[in-house]
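Colleague: The structure that follows is given in the form of structure tokens.
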Amino acid sequence: MQLKEVKNIFHAELDAIYGKDEVNSFFYLLIEHYFELERFVLALQPNLNIEKEQETILFKALSELKLHKPIQHITGTAYFMDLDFTVNEHVLIPRPETEELVRWVLNDVKEVKHPLNILDMGTGSGCIPISLDKNLVDAKVYALDVSPQALVVAQENNRMLGANVTFVKADMLSLHSKTSAKELDQKFDIIISNPPYVRELEKAEMQNNVIDHEPSLALFVPDEDPLKFYEAVVNFASEHLNKNGCLFLEINQYLGEETKRILQQSNFKTIELRPDMFGNDRMIKGIRK
């Protein structure tokens, strides 16, 4: 079968679900991932034939896309901060907004001359701490998560990408208990977190591929207590950040002022709320007094 025929079948079966542009993106991503074919190949070789085994791979992916399986779960890879991260159903797929948060941190510390001690709370795939570790040569980076399955993914990414992050199994909601890991009993220059923040009432705004295939543990919070993770992170940070250390958070766009208030009522100053690329309140930074 010719590759262009397979592409036409993708459009015939998926355009109504995703739209033509996104289907194009899926198709080219798949042929690059599985066959190392750049998208311009079809333009140069419009009659290119593919093997039966290649057809099978593409049609399997087509079936999974029809079931709203995320393309990153099909390929097992998500691109973040110029790195390829392994992802699966146990971790949140890295988002562009989170990349903005990481770049904010990197921009803020570029003039710092001393080695930094950094903690990521709720690490998932490890995309945040690994990206920081790869970009900050002298930093010592730690990361925690409550999910053993997520930590397996994060540690695999750490190994595959040649990073040196220390991962810790811990629940950010109970860090003051006696079970807190010794790695967390120290002072940090930066604490960063992208905790669960989507309220149950906001599920209607989300796509099926997110609701059905990404871990609820990493996404959702109860409507009656949507900021419980932020309260826990801020409480921990107020005790474990060095003076003038920085706390960076990704936040719910609808709860920016409420999240800011938590920092104001704690041990933080110079609090800055920032929009993401779409103009939504998405990030906040506070400096420990």
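Cβ coordinates come from backbone N, Cα and C, glycine included.
A TrEMBL annotation is a machine prediction, not a hand-curated record.
In case it helps, TrEMBL gives these features for our protein:
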type	residues	note
BINDING	Gly122, Thr123, Gly124, Ser125, Gly126, Asp145, Asn194	S-adenosyl-L-methionine binding site
BINDING	Asn194, Pro195, Pro196, Tyr197	substrate binding site
DOMAIN	28-76	domain 'Release factor glutamine methyltransferase N-terminal'
DOMAIN	114-207	domain 'Methyltransferase small'
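Help me picture where these features are in the structure shown.
Modeller: Asp145 (S-adenosyl-L-methionine binding site) counts 27 other C-beta atoms within 10 Å of its own C-beta, drawing on all protein chains shown.
Annotation note: Tyr197 (substrate binding site) sits in a coil segment as assigned by DSSP. If you take the C-beta of Tyr197 (substrate binding site) and look for same-chain residues 6 or more apart in sequence within under 8 angstroms, you find Val221, Pro226, Leu227, Phe229, Tyr230, Glu250, Ile251, Asn252, Leu255.
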Colleague: Taking just the CA atoms, what is the gap between Ser125 (S-adenosyl-L-methionine binding site) and Pro195 (substrate binding site) in Å?
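Modeller: Distance (Cα to Cα, whole Å): 13 Å.
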Colleague: Among Gly124, Pro196, the binding-site residues in question, whose Cβ has the most other Cβ atoms within 10 Å in this structure?
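Modeller: That would be Gly124, with the most Cβ atoms nearby.
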Colleague: Within 10 Å of Pro195 (substrate binding site), Cα to Cα, which of the binding-site residues Gly122, Thr123, Gly126 are there?
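Modeller: Close binding-site residues: Gly122, Thr123.
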Colleague: Here are some binding-site residues: Gly122, Gly126, Pro195. Which one has the most Cβ atoms within 10 Å of its Cβ?
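Modeller: That would be Gly126, with the highest Cβ count within 10 Å.
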Colleague: Determine, for the S-adenosyl-L-methionine site, the additional residues of the same chain whose CB lies within 8 Å of the mean position of the CB atoms of Gly122, Thr123, Gly124, Ser125, Gly126, Asp145, Asn194; present them in sequence order.
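Modeller: Those within range, site residues removed, are Val91, Leu92, Asp120, Cys127, Ile128, Pro129, Ala143, Ala150, Ala154, Ala218.
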